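Q: Could you have a look at this structure, given as structure tokens, before my questions?
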Amino acid sequence: MDRLGHSVSRRPTTALSNVNTVVDETEGGSVPMTNIGASQNQTRTGWSTADDPNLTTGLHRRETAFHRWTRRHAAKAGESDSQSHYRDSYLHVEPGPDADLQRRRRSSVDMNLVAELLEHDQLDTKTHGVSELRDGWFDAVFLKSRPIDLDKLMRHAESTLPAAFDKSSPLSVRHFFPKQRQQLQAVFWRITTTRAGIRLLKSFLGFFIAYVLCLVPDVANWLGRYRYMMPVSAIINHTGRPLGAQLDGTVWTILGTISGLGWGALGLLLSSSTLAARLGYGGILAVFFLIFMATIAFLRSYFTRFYQFSMCAGIAMCYTLLAEVSPDQIYWLKFWSYGVPWVLGQAICLVVNLMFVDAGARPLAETFHRSFGHMQDALELPRPRNQQLRRLLSRASVDVGSAYRDLRLDLSITRFDAADVRILRNQMQSVIRSLLLLKTETRLFEPWHEPVDIPVVVTDDQIGGIAEGTHTGSNVNDWLRLVSEKIAAPTQGMLSAMKSALACCDAALMNISGFRSSLGPGPEVPSDVHHAREALRGAVFHYEKAEEELRRSDKLPFTSLSVQEVAKLLVFSQLIRLAATEIEDLASQVVAMQRTSRGLKLALPSYPIRKAINSVNAQVRRDRGGQTAGIYKETFRDISHLMDQLRSREGGPIARGYDFTQSRPGTPTDETVPTGDLDDGKTAPKRNRIGFHVWRVLHRLQGFESKYAVKVCLLTALLAIPGWLEQSRGWWNETEAWWTVVMAWLMVHPRIGGNMQDLVVRGFCVVLGAVWAGFAYVARDGNPFVMATFALVFMIPMMYRFTQSSHPRSGIAGCISFTVISLALSNGVGSQSPAIMTLAHGIAFLVGTVSAVVINWFLWPFVSRHELRKAMSAMIFFMSIVYRAVVAKYVYYEEERQPTPEDVERSEMIEGRLREGFVRIRQLLIMTRHELRLRGPFNPLPYSALANACERFFEHLIAVRQAALKYDAAFVRSNEAAAEKLLPYRRDAVASILCNLYLLAGALKADRKVPRYLPSAAASRKRLLDKMTEVEDELAASGYYDHDRNPGLAPDGEDKWSQVYSYAFSESLTGCVAQLEELERYTKLVVGEQGFDDEFKDSDDSDDEV
């Protein structure tokens, strides 16, 4: 009775728990005991002293807690004290010496996989005769927490960091100047050796022509005081973009300018229409100003497509309501001084773009060529697992989708047809998906000609309890040698044919695009895809022939497939076969494109409007800045929408006797129609009611778009106040201080405002532009040739920073600062000296730039590390939804509800978006390197390892879905008795994983500590496998597997390969359990672990501080 501790297990309050569980813990482990008084339908058997309590739990409470519980419920059940004492005395029985040897079963190798996750004293999951029917609710098993080796975890986390972390920290002062020198060298090489130099020349040429025209006296006098709006227009919609994007930008910028000028003119008319209106002149203008700014700010943040429209509308409206305004009269000439230069600037950019036309087809060709290169690298097998290559493949899948979207967004001149590219995109993503499923480490190609001592993993049941014979090491080596001799050479032939087919497809697509001479591949690579496809088909035929011989061979008995090494070799070859099929389909599509290629064609915009308003081309995405943050939000918004559709069915328990046949193919299913309780006959209210739409609008107004609109109104209104006051109107118009508001509008980003480094760089660029403009004017007293020379020197690097670097907002700040100040000085505005005017203009630009960054620090800031934590929370929650859907749709589905091709296609689409989500999470992780943190450097290791574990969990889910399409556990689905026996164990195995995922996601979202003890998914899966063993043995004893007695079973050969898929299926499910433990460990490192004495400690390690 010594060393005894009893504990009461209290599950977290979730939808998965309904019954309190009491766990008795002994030195050897713990035994789950359900609440005796919970239901009258519960059954309880007597305790046996021969049973072996060998489960463990980590919940340590006082011994008296258990005694009080047993006595209380014994009294309720009317038991005598002796009976209560008998049950209590069970706790002190020592385990028996007999080991629990497993018997023969089809999934014998599964237990070895689970055993790796559990300690020796946690492997026995017997319940000692206690069982309970709980109407769909699960019973959690809690195990002792293992000691954590922090150093080992951190070493593993270092291997998961993105490649960007190999570089020096961007905040390092010691590496600042060497880094700048290296970047300058890289920029110079890029400009002089790639097409980046041509794009820079186009961007600068459009601006320079407009700037030089403003220096010509006759043109300057004709355009008026605000002639610098012509080069400003050329900067905002610069010419360094494809033709379709240039046309699109021209239309949007002109429409935005017209709307801003029109709204401003209306405000000026109303504010000076009557005497009473003149008395409240500034207030009326402020109201018009705020209404318009709030509207276009909301449009700018909500609809990405309206970026150029909203930017130009804001500039025009600020000019109209803040420049040269007076209650006495309206200066209508200023509309000419603004509108005409703006339109001329757009015309100049359009002409230059037509002179150096970019048809828009090259980015698509570059994406295809880069993606095919990654796919060919992935087929270099065998090799160790290359995490960087896997990430490149995931990124390639995302890039192919983005390139296709950009092709349909704008007008383009290309040799590709949009419909063909859509099919090609889907095929390429299918190939990448199949390549990511490959296990790159294999022993299939090792020499097996001579018997050698090969370390082989053999479980106890493989050597101790199999009727067909004993599996010695020699037998295992013979089986491995047989598999290698039969399918190693055909598999190698398939790999070679697959690489050749991909290379030919790459060459053929580059020939079609017309960029093979500049992009590759070389002339030595053939482009005869038809011949390569036929060679691949021949290799597949030879493999299938060898596989059929192996399948029918008597030398490879059914029991050999329970050996882990043998199963691994066969699974590897099957995955290669799957990838070969996908590559064959890809080659067929390329052959079809070769036949239908008819030269250049004009492709009009064809993207759906509802999607197009939330999408912009690649150059606009770069120009607007904050690309990572913006795309991250858009990606997770799209994933959330898909998840809402996927989880439209409520997750309550299914009532006994529910008729599943009422949801037949062709009728609304649970995945498409939200439903209420399944056994009350009621459906959810329709969502077309007015109240729901009103709620949705009001809820949407609470989003970040409205917050951004409030932020913009507050910032711009405060800066614009001097322009509406009588006492400050003189210096305001003389120094053109309204540019302060314009710069604030340009710099305040909907998503990310900028850190301290951004503030310094942008301020430096503004000051440098102002100083350079002053020097340009005073060098020769405003000589046009000298000023043009100064512009040539300054604007080339600044235009490159704006149009091609990852810091566009500092580039546009420097460009506009130099342009406006230099041409304002050339215009001779004001009576002050050039130095004073330069200083006044420079301060106006600096205040607007700095204020936009500072306000983002205080009002709803974007903090990368906080967004990273929330993104991980969302992704773990998404994993729970996908896991539930995969298990329900592909694993434990009912008869006549098999997954359809539409289900598979929908699953692949969701998987593609989730892969993109992991790409965005890694980009967020890289962004954390650029943020200062007062409490100390941010530690990215736990976050990186957490994201990697979540991605590995996702990969196992994909493998489960793929294997489930080939492996059908029909012995359970077609046998009601077996399904009834396994139902509670299946429920516990699934629910324990879901419960863990929900808890971890909630802890990350709320930034709260994780409970120390979580339901053990490994123990639940062990209990399921034990029960499956028992059921399979019962079926075998009853003759169920006899083909003569049960002709519905598959032939022996097909049943063999079903066992192979069963191994892949079980290995992936067990892999999910293993990655779940990794998720738990690293989540606890991120948010902490909740202990029993937390209420006596001060929690000062929250990450909410800046």
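Each Cβ is built from the backbone N, Cα and C atoms, and glycine gets one as well.
Annotated region 'Disordered' per TrEMBL: 1-57, 71-104, 657-682, in sequence order. Under the heading compositional bias 'Polar residues', TrEMBL lists 10-23, 32-48, 660-672. Here TrEMBL flags 76-91 as compositional bias 'Basic and acidic residues'. Annotation comment: TrEMBL describes 199-270 as domain 'Putative ER transporter 6TM N-terminal'. Annotated transmembrane segment per TrEMBL: 204-223, 251-273, 279-299, 306-323, 335-356, 759-779, 785-803, 810-829, 835-859, 871-892, in sequence order. As annotated by TrEMBL, domain 'Integral membrane bound transporter' applies to 731-855.
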Q: For the transmembrane segment (279-299), give me same-chain residues lying six or more residues beyond its boundaries with a C-beta closer than 8 angstroms to one of its C-beta atoms, as numbers and ranges.
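A: Result: 260, 263-264, 266-268, 270-272, 306, 309-310, 313-314, 317, 321, 325, 327, 705-706, 708-713, 716-717, 720, 724-725, 745, 750.
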Q: Could you tell me what the rest of the chain brings near the transmembrane segment (835-859), counting residues at least six beyond its ends with Cβ under 8 Å?
A: 707, 710-711, 714-715, 719, 735-737, 739-749, 752-754, 758-759, 762-763, 766-767, 769-771, 773-774, 777-778, 813, 816-817, 820-821, 824-825, 829
Q: By Cβ distance under 8 Å, which residues at least 6 away from the ends of the transmembrane segment (251-273) in the same chain are close to it?
A: 233, 236-237, 280-281, 284-285, 288-289, 292, 306, 308-321, 325, 327-330, 335, 338-339, 342-343, 346
Q: So, does the transmembrane segment (204-223) come close enough to the transmembrane segment (785-803) to give 3+ Cβ pairs below 8 Å, pairs being at least 6 apart in sequence?
A: yes
Q: Per-residue pLDDT averaged over the domain 'Putative ER transporter 6TM N-terminal' (199-270) comes to what?
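A: That stretch averages a pLDDT of 93.
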Q: Looking only at the domain 'Putative ER transporter 6TM N-terminal' (199-270), how are its residues distributed among DSSP helix, strand and coil?
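A: With helix first, then strand, then coil, the domain 'Putative ER transporter 6TM N-terminal' (199-270) has 60 helix, 0 strand, 12 coil.
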Q: Report, as numbers and ranges, which residues of the same chain sit near the transmembrane segment (810-829): CB under 8 Å and 6 or more residues beyond its ends.
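A: Cβ under 8 Å, 6 or more out: 207, 211, 214-215, 220, 225, 227-228, 231-232, 235-236, 623, 734, 736, 739, 743, 746-747, 758, 761-762, 764-766, 768-770, 772-774, 776-777, 782, 784, 787, 790-791, 794-795, 798-803, 837-838, 841-842, 845, 849.
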Q: List, by number or range, the same-chain residues at least 6 past the transmembrane segment (306-323) whose CB is under 8 A from its CB atoms?
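A: 226, 236-237, 249, 252-261, 263-265, 267-268, 285, 288-289, 292-293, 296-297, 299-300, 334-335, 338, 342, 613, 616, 620, 624, 716, 720, 723, 732-733, 736, 738, 741-742, 745-746.
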Q: Could you tell me how many residues in the domain 'Integral membrane bound transporter' (731-855) are helical, how many are strand and how many are coil under DSSP?
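A: Helix (H, G, I), strand (E, B), coil: 99 helix, 0 strand, 26 coil.
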